[in-house]
Each structure stands twice: as structure tokens, then as C-alpha cells.
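Chemist: The structure's right below; bear with me while I get my questions together.
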Amino acid sequence: MLAILGWLLALVIAACLTVAAWPQAFGLEQAPIVAQVVSMRIGVVGIALVLLLLFLCFAGWRRVRPFVLGVVSLLLVFGLVSTGIHVSRGLDTGQTIDTSDDLVVLTWNTLGDEPGIDEIARIVDETGADAVMLPETTLQLGVGVAEQLRERGKRFWVLTNDYSPSYGALNTTLLVSTALGRYTADSEVGGTRTLPTVVARPVDGEGPVLVSTHPVAPVPQQMRNWRADLEFVAGLCDGSQSVVMAGDFNSTVDHWWQHRRELEGGGTGDLGVCRDAASAVGAGAVGTWPTWAPPWLGANIDHVVATPDWTPVAARVLTGLDDSGTDHRPVVVQLRRTG
């Protein structure tokens, strides 16, 4: 009887580890608990290794040795597989952004304007960003950044959507270089439910739709809204228009699996037909949140995605700004128009 219980328990452990490693196989990537677990792959691998060491302490007991060694093997395989998936998305933090001709996109969740006007303007200026997506950033700060950049010879349109102007987290701002033409906010397209999204279209019809987005976090009381938010942003990447979207998605590419669409030239997008730029160039596993965790450990939840007419050239998570006041790292991406 003890042996039967042991094998049943081992099967349960194997099932749990399989779901944790690749929940997409079962359509569980957006399920409660699973969604949180898959966000922090390396952290979960660390927990698995601790459990592995604890189980090895009981390997000397002959009666439970087969069970213990079986579980140790399962934990080891899980650790290798999950780490392999994580590393395959890329941990490169040293890519160079060339601002000469391509579109440079910067996104940074500022946690309610925390870095301040001077710091944000400096980063925009130094990266040469043409489009700047700033979740949790007020209109006032966006205007202040634009004014500083104007003094440096760079002019930007400022567009903000807010659900409460006085509370920074309920604001999302988009800065668009005037070199891209004039952009206006589309108030008819809809939006994310809990935290705002800015959808901006070029007045002359030339250029991509620019989106600064902020789906809500997958906390237990917001799971339904989180799924709806991901469905909304995936809908913007339906292939009917050129789109460049960036922001705090509160999700990794694992969570987007059910929203992937086939591309005309073969393959699939990561979110609808949009591709995650960082993953495409080998930087998709660098953690953007939280800043207290090292980049190899954190979750990559801040993204720049674009339709297939834009080819990712380079991407970099800026890891030297962890003391700026916000808990997110900026992401800067270079995109080249190819369609």
C-alpha cells in the first residue's frame, strides 16, 4: 500500500512539474497560480533545486529510496527543461541601439512618475527614442519631459489616457516624435479595463499605429480583467494594420500562447501577429521586474511588440537604473521597417 501511495504521489508531482514547465500544452498558461508560477521561471527552478536537496537527505532510507530518487529525477528534469526554455529567449544585455534611420522605441513603467522629469528626459535623449511608452505616468510629467526635450532640439507630441488624473498608476502616457508626423489618440477602439492604454493613429495615415499599454497584473481578484486585457492587446495585432506596441504587459510570452496567430510567410507571432522584439534578438529572458531582483532572475513583463512589417534589430533592458524609484527597468528596442 505504501508503494502504491508513493507512486501516486510521484505521478501528481510529475503532473505539477509538467504544467509548471510548459502550461501551454494544457491551455493552462492563464490559469490562477499557474500564471504566477510561469512568470518567474528561474525563481521556481531555484525552489525545485532546494526541494531536490531536501529529498536527497532521505535517500539513505531504504524503504523510501525509490520514491525519493524518482522525485529527485523529476525535479532535476524540470529544472533543466524550464531553465532551457528561459535561456533560449536570450539573456543578452549588451546590445547596441543604432538611432540613425530606424525606429527606436522606449518603454518604462515609472510607478507614478517616480524617476522624475529630468531622469526620464535624459534616458529618452540618450537612447534616441522616437516613441516613448510610459505606463503609470501622468500628463503633467509627460509634458515636462517633452518641454525638456524641446530645449535639446527634440519635439514630441504628448498623449495621455487616465482613469484618475490624480493617481499616477491610473495614467498611461505616450510621447511621439514630431519627426514621425502628427498623431492623435483613438478613443473609439476600446482599451484595457483597469489600467489605461493609449492607442494613437497618424493623422495623415502614414506610419504605424502606436500603442502605450498597461494590462492589469494577474492578482487573484483581477484574473478576469487580466485575461480580457491580453485579449484586447492581442486584437490590436490582428494583422489589419501596422502596429508598434509597448508597455507593461504584466505577462510573459508564455501567457500569450493562446493568442498567437500564423504569419503569411510562415511561422507564428507571439501576440496575435506581433512579435516580441526582445525575444527575437536574444534579450527576451532579461528580467524587467522587479528591480530588486537581478536581471537573470526577474520576470520579463515589459515588452515592445510589432507587426511583421517591422523587423527587430536590437533590444536592451537598461539595468543601470534600478535606484531610480520605480520597480521596472526600461526597455529600448530598435525596429526596422521592412514591409
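For all residues, glycine too, the Cβ spot is worked out from N, Cα and C.
Residues annotated as domain 'Endonuclease/exonuclease/phosphatase' in TrEMBL: 106-328. The transmembrane segment annotation in TrEMBL covers 37-60, 67-87.
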Chemist: List, by number or range, the same-chain residues at least 6 past the transmembrane segment (37-60) whose CB is under 8 A from its CB atoms?
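Modeler: That would be 17, 20, 23, 29, 68-69, 71-72, 75-76, 78-79, 82-83, 85-86, 218, 251-252, 254-255, 296-299, 301.
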Chemist: Pop the mean pLDDT for the domain 'Endonuclease/exonuclease/phosphatase' (106-328) in here, whole number is fine.
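Modeler: That region's mean pLDDT is 97.
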